[in-house]
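Presented below is the structure to which this report refers.
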Amino acid sequence: MGRGVLEVHLVDAKGLSGSDFLGKIDPYVIVQYRSQERKSSTARDQGRNPAWNEVFRFQINSSAANVQHKLFFRIMDHDNFSSDDFLGEASVNVTDLISIGMERGTSQLNAAKYSVVTADNSYHGEIRFGITFTAAKVEEDGGAVGGWTNSYRE
């Protein structure tokens, strides 16, 4: 499919569910593309409507044309005295975005709201993010492979 950089702009979330024993949540997001993961900062004291406004970059390097490219957004609640709690997740298929970016050099999905799916498969809240894909530039300098044009001297 191609090579390039997928840039994710994590904006905010609204109406998240869940609470810890103190009745509040400190959410953060783990953004995943295949085996690559990026973690946002923890939105402390922002409760169910956190704002991050952070950008994450993922390297895309795929030669397979029929592979589905998906981004996953796992929303977690940071807890100091126990393991972090799962609040919900969202996903988006970016296969077409990458294909268009390979043809045009770049493609973009403006920031939009996506439903958050909780552990019991119900919808509760939304997360907002935008995505840009920029294709890697292939340099064609016309030089011979291996430098053979300049290797012979008389």
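Indices start at 1 and increase along the chain as displayed.
Positions of Cβ are set from backbone N, Cα and C atoms, glycine also.
Whatever TrEMBL says is automated annotation, not expert-curated.
Listed in TrEMBL:
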type   : residues : note
DOMAIN : 1-110    : domain 'C2'
Would you list the DSSP helix, strand and coil counts for the residues of the domain 'C2' (1-110)?
10 helix, 58 strand, 42 coil
Across the domain 'C2' (1-110), average pLDDT on the 0 to 100 scale
91
